[in-house]
């Protein structure tokens with residue numbers, strides 16, 4: 001059996017009791033380490049100690065090109081594939097599941113919290129979110145704005161947009177790729193500030209007002225950990241707020257904001273008076 | 001401290017290790033038992049045995065009218081408020097959180113899986129979901145269709161719609177309310193079949209084609225439990241599929257369906273050939 005096991009959002013103790021029981025009895029344990037990271041346990045040895053099992057860190061290369069090694073013998077023995085958050089959060093690992101099916105390996109999923117549902121902690125109702133988008137790091141030559149129409153679609157209905165922010169873990173340097181021997185860049189995690197910069201650059205270019213510097217948004221950092229931080233303000237304000245260590249996410253607040261949601265945002269406002277001005281002017285909400 | 005603790009979707013072992021540690025040391029433990037139920041553990045005594053703590057079942061009346069009893073002394077002692085799924089899933093218990101804030105009681109949330117993210121297990125990408133809707137039981141005199149414009153908004157963009165289905169637990173009978181002494185109805189859980197009936201009745205009345213009997217949908221039952229069942233087909237097909245015991249949910253599939261998502265639906269098709277016909281004709285997807 002191949003088990004996809006969600007680890008949740010904080011540290012090693014956010015795994016479920018059921019998940020931990022399964023991990024402890026699996027013959028091999030892999031940790032997916034390229035689409036997210038467990039904030040409190042960047043070091044796999046901490047997981048190993050907690051599980052009492054060896055943990056094999058699976059980077060993108062391994063999962064994409066050596067999936068048969070991961071799946072070896074899983075018709076007979078139990079193998080765990082650990083995913084930070086929920087296995088069906090942002091990335092679904094459907095290639096691995098599909099390959100398992102081809103090899104007649106049964107699979108089972110043990111769910112956990114992911115940013116996709118835990119973001120409700122900021123006080124915005126999950127009911128009022130539209131489609132989720134991803135923001136990737138801009139480079140000098142690649143500044144994709146394919147997310148923009150999706151934000152626009154959400155905004156036209158008045159829905160909130162959850163923006164998942166890029167992480168780059170174990171990316172080979174361009175120079176090393178040219179030389180044929182891979183050397184890896186240090187890991188990078190997009191901050192709320194960088195996300196805001198990129199969003200505003202794209203709006204500046206397109207001028208279609210899917211959002212503006214005055215759009216209210218919520219910066220979310222280290223959700224589900226003890227140092228969780230959430231701040232609401234305009235994009236212009238959030239550009240300069242220091243959210244500290246990764247992981248960060250951002251929510252663009254839609255115009256169909258309810259009074260109760262607005263109350264929650266006021267509790268975490270960067271500047272409550274300034275927020276009230278924008279709430280009254282652009283969202284029709286007065287206190 | 002007041003802890004909001006998500007129990008996840010299956011049974012008592014889906015709580016996180018962190019959540020279990022907190023529950024075991026709390027002075028009082030409440031179980032929110034009116035917006036969802038833990039499928040494998042309908043009997044609170046099973047939770048009590050697992051936690052080694054007394055569990056107080058909190059129905060809607062208690063949470064709404066006796067919140068100060070729940071919060072009593074929580075400035076000094078730890079109190080746990082257990083919620084099936086994630087505390088910020090469908091219902092946010094913001095009244096309780098607000099009351100705690102007024103009483104200077106610090107709160108903390110321990111997240112878990114909810115239907116809002118675990119529904120990705122059906123093979124549809126969470127990225128492609130629009131706003132979530134709730135379907136309530138129709139009565140002879142109350143057949144609300146306020147969900148309809150929301151489905152329509154999602155459908156116009158081509159997004160999927162997660163439909164959460166009503167549960168009625170500990171509802172007083174109308175007769176007993178009239179007499180002034182409450183007697184409760186037996187619990188009721190909306191089935192996929194009932195949801196489809198109601199959806200089609202509303203479409204029949206409105207004729208605006210937010211969806212039709214030919215719209216592809218996924219019926220989801222007991223997600224996250226060992227008896228989890230997911231079936232994809234047209235609404236007309238799903239009307240007659242027996243999904244067994246509660247809880248059920250339903251996903252209306254949007255036209256922006258990806259090939260990979262369609263592949264996943266084919267794996268769980270009620271009738272694969274019939275599904276392929278509709279995929280080709282209405283969703284532009286051929287295999």
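Backbone N, Cα and C atoms are what each Cβ position is placed from, and that goes for glycine too.
Listed in TrEMBL:
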{"type": "BINDING", "residues": "B:9, B:86, B:89, B:114, B:115, B:165, B:223, B:248", "note": "S-adenosyl-L-methionine binding site"}
{"type": "DOMAIN", "residues": "B:1-238", "note": "domain 'Tetrapyrrole methylase'"}
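Of B:86, B:165, B:248, listed as binding-site residues, those near chain A by the criterion of a Cβ under 8 Å from one of its Cβ atoms are B:86. A mean pLDDT of 92 is what the model gives for the domain 'Tetrapyrrole methylase' (B:1-238). There are 28 other Cβ atoms within 10 Å of the Cβ belonging to residue B:9 (S-adenosyl-L-methionine binding site). Other C-beta atoms found within 10 angstroms of the C-beta of residue B:114 (S-adenosyl-L-methionine binding site) number 31, with every protein chain shown included. Just so you know, the Cβ of residue B:248 (S-adenosyl-L-methionine binding site) picks up 24 other Cβ atoms within 10 Å once every protein chain is counted. Sequence-distant neighbours of residue B:89 (S-adenosyl-L-methionine binding site) (same chain, 6+ residues apart, CB-CB distance under 8 A): B:6, B:36, B:83, B:114, B:115, B:116. Among B:9, B:86, B:89, B:114, B:115, B:165, B:223, B:248, the residues given in the record as binding S-adenosyl-L-methionine, the maximal Cα to Cα distance rounds to 17 Å. In the three-state DSSP reading, residue B:248 (S-adenosyl-L-methionine binding site) counts as strand. For residue B:86 (S-adenosyl-L-methionine binding site), the count of additional Cβ atoms within 10 Å of its Cβ stands at 32 [all protein chains shown]. Within its own chain, residue B:165 (S-adenosyl-L-methionine binding site) has B:134, B:135, B:189, B:190, B:191, B:192, B:194, B:195, B:247, B:248, B:249, B:250 as residues 6 or more apart in sequence whose C-beta sits under 8 angstroms from its own. A coil conformation is recorded for residue B:9 (S-adenosyl-L-methionine binding site) in the three-state DSSP classification, outside any helix or strand. The Cβ of residue B:115 (S-adenosyl-L-methionine binding site) has 24 neighbouring Cβ atoms from other residues within 10 Å, across all protein chains displayed. Under the DSSP three-state reduction, residue B:115 (S-adenosyl-L-methionine binding site) is assigned to helix.
Using a 10 Å Cβ-Cβ cutoff, residue B:223 (S-adenosyl-L-methionine binding site) registers 24 neighbours.
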